[in-house]
């Protein structure tokens with residue numbers, strides 16, 4: 001069934017969009033990532049104009065994270081104070097990121113920077129996560145050996161001022177590191193047009209030392225508000241949110257998110273991390289190859305006066 | 001009303017210095033509404049050759065019909081290899097390229113249309129793309145315009161169909177166009193050329209109005225004129241859908 005999208009000005013198969021939303025929602029529920037890093041390139045691929053894809057992707061992320069956050073709240077897996085600190089950093093970072101984005105657009109190399117950022121960040125995070133998860137599984141398989149938890153390591157992070165108790169995470173740390181993590185994610189999220197969960201989840205585990213059980217809920221909490229902010233900004237400044245496209249992606253996405261969070265409760269944390277790592281590496285590898293291999297068509301068209 | 005306007009347009013379109021042969025033409029539809037279920041549209045352009053005198057001998061009669069969508073500026077970028085990766089390095093800005101351009105003829109263009117007439121009337125596909133915008137930054141702009149035509153032809157929005165116009169008894173003709181699903185809103189210029197010996201004997205011009213209708217139109221206008229409300233609506237929809245799905249699944253589980 002074909003459907004004409006009023007803002008994107010293209011006609012697309014409705015079931016394709018439902019399926020796409022479903023896959024992304026599934027990942028969102030499973031891993032606590034918004035799925036923006038997947039939905040935006042996938043929308044490009046089916047012929048949605050890039051500006052519409054980025055803005056509408058943000059709207060879809062709102063829906064799937066609401067769904068996911070509610071499911072996580074039920075399981076008491078959201079650290080609200082931590083989420084708020086990350087969010088404040090995130091909004092600041094997002095504003096900074098939009099400024100950087102506009103500078104790069106003026107220089108005419110935004111596409112390249114976005115692609116390189118994807119390859120660099122997705123690639124290195126994916127490899128790190130894979131290595132870590134494989135090591136954890138090996139440790140678990142060796143009988144007698146016990147995984148040593150490094151979480152309560154004392155280093156310079158613990159000497160910073162403005163300490164705060166994060167009960168759900170079982171942490172007593174300064175608010176500066178989480179605010180900085182939120183801000184860094186905000187900058188990258190604005191430049192790369194994604195929610196940023198794939199960067200935030202490992203940062204929360206490895207940098208802040210948060211327990212895996214609250215990481216997903218808390219990152220979804222932050223992503224929900226940052227992507228709502230982004231959607232509104234895109235709708236007002238670029239008029240590039242396609243509500244018809246969003247609706248189809250959302251219907252698929254919310255169902256996927258629920259199924260994903262059910263599945264996530266049953267899978268082991270290490271298995272989840274290996275799956276997410278493989279997915280992230282696959283996307284990075286695809287984008288990296290696109291840069292290295294001579295494209296079949298050297299020319300590309302951009303409608304509109306700018307660009 | 002629209003029919004009346006079309007009729008008026010038809011009357012005014014008749015050239016003052018009417019020659020021995022004139023085109024009288026009509027469209028199967030002069031406006032196309034883009035609804036949510038819009039999946040392309042068929043347009044039939046038909047007409048007849050009106051003569052005051054018997055048909056002149058010599059060169060055979062030929063008909064060319066063109067259909068042209070609204071034009072927009074386009075930037076054509078070329079990738080080349082730098083530091084081992086493929087990046088956009090050069091660009092050419094085209095001031096106006098139609099979003100859709102289809103040419104249908106009674107026979108091979110090379111036989112029925114002289115190059116001079118083609119240039120003055122801008123009939124064939126390459127001539128539909130207008131001049132460059134701003135200073136040209138590359139030494140040879142031709143590969144860029146060729147790429148523009150090639151990519152749009154592959155997408156099916158630019159086409160030349162030789163022999164698609166059927167001419168019966170040198171008097172009646174018809175041409176069928178299939179407009180694609182990803183149509184841009186605007187006026188689609190329709191031109192009919194009557195040719196003999198490569199030269200235009202008579203021409204006729206009209207337009208097909210392509211507009212969004214119903215929900216599509218309402219959403220589009222809301223997004224442009226009340227962007228904040230539109231944005232808030234999109235968000236509310238997303239939040240509601242997310243909550244509803246969570247509530248529904250909770251219900252199913254319990």
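Cβ coordinates are placed from backbone N, Cα and C, and glycine is handled just like the others.
Annotated in TrEMBL:
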TRANSMEM  A:12-31  transmembrane segment
TRANSMEM  A:37-59  transmembrane segment
TRANSMEM  A:80-100  transmembrane segment
TRANSMEM  A:112-130  transmembrane segment
TRANSMEM  A:171-194  transmembrane segment
TRANSMEM  A:214-236  transmembrane segment
TRANSMEM  A:243-260  transmembrane segment
TRANSMEM  A:272-293  transmembrane segment
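Taking residue pairs at least 6 apart in sequence, the transmembrane segment (A:37-59) and the transmembrane segment (A:214-236) share three or more C-beta contacts under 8 angstroms. Residues 1-3, 5, 38-39, 42-43, 46-48, 60-61, 64-65, 67-68, 71, 197, 201, 216, 220, 245, 248-264, 267, 272, 275-276, 279 of the same chain, all 6+ positions outside the transmembrane segment (A:12-31), place their C-beta atoms under 8 angstroms from a C-beta of that stretch. In this chain, the transmembrane segment (A:243-260) does not touch the transmembrane segment (A:80-100); fewer than three CB pairs sit within less than 8 A of each other, excluding pairs fewer than 6 residues apart.
Of the candidate ranges A:112-130, A:171-194, A:243-260, A:112-130 has the most C-beta pairs within less than 8 angstroms of the transmembrane segment (A:272-293).
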